[in-house]
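A short write-up of the structure that comes next.
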Amino acid sequence: MGQKINPLGFRLGTTQGHHSLWFSQPKNYSEGLQEDQKIRDCIKNYVQKNMRTSSGVEGIARIEIQKRIDLIQVIIFMGFPKLLIESRPRGIEELQTTLQKEFHCVNRKLNIAVTRIAKPYGNPNILAEFIAGQLKNRVSFRKAMKKAIELTEQADTKGIQIQIAGRIDGKEIARVEWIREGRVPLQTIRAKIDYCSYTVRTIYGVLGIKIWIFLDEE
């Protein structure tokens, strides 16, 4: 059996970049890392509470954090930033003040920028949220997978693999179902692959969704 490594960590430094860009002393490193995680959780919670979406997709692709001595720059890459801005016109400023209070940024300024992604459904996080929303609404898993693949085809990707594991459709015995369209070369380091694993809580139990998207080869 081939052991499956996380495709993002496998390609770090070649086709994949870091989401946190900062340096620190080894003794302060863990603090910085925890702070990053808290910032990400805080932003996700805020967006979850304040975004009124019909599809249940929050649309956060990734959150990049850059730190300098006097500034923390947070860049939120979103698929549908319009929804957040429409539901809360002053949402970004509110979020900024919330984060500043949370982290007591006395000597550091915190700055938040929201960037829109060109093709939201070419991003595995947004797709996973879409599938999770469908599964919560008791749509059959095959239908949800097919729909997700249709959406990625519009975002002209070269291949996609979707895997759902757990008590699918509320069956007694948990199983793993997967579907692949196009090429997904996991062993080619040159291949630019985006990956995400997402947990969804349904009334039957927890389902795990994994998505690999093959974007292009360098």
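Note that Cβ sites are derived from N, Cα and C of the backbone, with glycine treated the same way.
Model, not experiment: these values are computed from the prediction.
Quick look at what Swiss-Prot lists:
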DOMAIN    47-118  domain 'KH type-2'
Within the domain 'KH type-2' (47-118), residues counted as helix, strand or coil by DSSP: 24 helix, 24 strand, 24 coil
Overall pLDDT for the domain 'KH type-2' (47-118), taken as the rounded mean: 82
